[in-house]
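Chemist: My questions all concern the structure below.
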Amino acid sequence: MLPSHNLLHTAVFALTVLQALASDTFIAAVYEHSVILPNATDKPVSPNDALVLMNKNMDVLERAIKEAAQQGAHIIVTPEDGIYGWRFTRETIYPYLEDIPDPAVNWIPCIDPTRFPPAPVQERLSCMARNNSIYVVANIGDKKPCNSNDHGCPSDGRYQFNTDVVFDPEGKLVARYHKYNLFRGETQFNYPKEPEVVTFETPFGKFGIITCFDILFREPAVVLVSELQVDTVLFPTAWMNVLPFLTAVEFHSAWAMGMGVNLLSANTHNINTSMTGYGLFTPEGPIAYHYDSKTEEGRLLLAELSSHPRLSPTYLPSVNWSLYATSIKEFPGEKDTFAGAVRRDIFTFSELGYTAGNRTVCQGDLCCHLVYQMSAKSKDEVYVLGAFDGLHGSLIKYHWQICTLLKCKSTDLNTCGQPVEMAQTRFEMFSLSGTFGTNYVFPEVLYSGVQLAPGEFEVLHDGRLKSKNSTSKPLLTATLFGRLYEKDPPHPLRNSL
């Protein structure tokens, strides 16, 4: 006979499943965590000291998970690096790692913690999920022994992976994903030999999971959506904002719209490294998001999402992203251009010298077209239309095509492309399009104060990003991000393995 508390848990879990099955929606939560960081050290700490730090972070996450469950959430996503932080070398992160088995082993660490070698972090996460009857998504580190028979085996005899885990409402490990696209500073981890494309089924849709830098590459992000047809992508991240675009809320929202899926984005919160911005994003725009570059506090967000967004009557069919731009004659002003840098990327810009007009600017194979009319234009502000067609990044490069309507930092044109958060000028209307050589284009509008504009713009079938009415707030940028994955050069680190 099952103990009474197990019978109660089984009943609660069954009720949760039935409720989810009875609805075409689910309640999702994401938590932006202000991580308690380890002290900087060149020497590994003891496993006990590592667990003490991780438990401090898990205390915070557990409170957020409990609160989310009490508010009816079916799933919660927590951030990349959310349990142990960063500041590690390969050696100093080792005490924080656990051996994470393949989910096929059908394991509930909370009720069977001794089945595998000690894994106190997995056990606690499993119990958080089980005790609150909620899916829990967390980012931890996996270690796997190897030997000289494996030609890729590191000299210390182990692989170390940046890893996401998912525990279901029973506490069972249902997904394990090793991050495939490491950011340039993640030298403490190894690259998986092959891209892992991880999905799992829930009563409220098919889910996939990726981590941070993965979102910018075809594998595994595009494969999950375009080939495996997931409904929702889980996205633990530690995203450092890069103004005037590639801020977390801006690009994550744009990606969800461009790919036509839900994206549950949970960011690390650390204002000293410009890490903030997270949310619940859908093909129709952000449902809930938050950006906070001032305070040190973490925050929980919840929202109700469609379980199968592709079945929504308002789901946008495929867009021909170059149809409109290639069908029109060139607007005047194409020769009136200048070069400007957005970090290391050299854009071709054209100043919007009047409060209304048509502009064209080209670079490489990309021509960007803009029709606009400003209202309440500040005399102290300058806007430009910009185009970029080329490789982005320093060590790890990837190919962008970008069309952007952009506010400059000052009236000095040399500041165009520099970080800017505030604006005063509103637009009566704008329509932005480009001759993109890809179907993977991600649209978004960013307002003053790094705020999104849900419901205030639309994407037309012919590839135009168009305002519905006058902008309700001053505009920072309206941008179409295009990714030409087939033009990406070989990865300099992963391909050297």
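Cβ atoms are placed via backbone N, Cα and C, with glycine included.
Dumping what TrEMBL says about this protein:
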{"type": "ACT_SITE", "residues": "E80", "note": "active site, proton acceptor"}
{"type": "ACT_SITE", "residues": "K179", "note": "active site, proton donor"}
{"type": "ACT_SITE", "residues": "C212", "note": "active site, nucleophile"}
{"type": "DOMAIN", "residues": "31-307", "note": "domain 'CN hydrolase'"}
{"type": "SIGNAL", "residues": "1-22", "note": "signal peptide"}
Chemist: Cα-Cα, whole number of Å: K179 (active site, proton donor) versus E80 (active site, proton acceptor)?
Modeler: 10
Chemist: Could you give the Cα-Cα distance between the residue listed as 'active site, nucleophile' and E80 (active site, proton acceptor), in whole Å?
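Modeler: So the alpha carbons of the residue listed as 'active site, nucleophile' and E80 (active site, proton acceptor) sit roughly 8 Å from each other.
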Chemist: With every protein chain in view, what's the tally of Cβ atoms within 10 Å of the Cβ of E80 (active site, proton acceptor), excluding that atom itself?
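Modeler: Other Cβ atoms found within 10 Å: 26.
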Chemist: Kindly state the mean pLDDT of the domain 'CN hydrolase' (31-307) in the predicted structure.
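Modeler: Here the predicted model's pLDDT, averaged over the domain 'CN hydrolase' (31-307), is 96.
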Chemist: Among all the protein chains here, how many other CB atoms are within 10 A of the CB of C212 (active site, nucleophile)?
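Modeler: Around C212 (active site, nucleophile), other Cβ atoms within 10 Å: 26.
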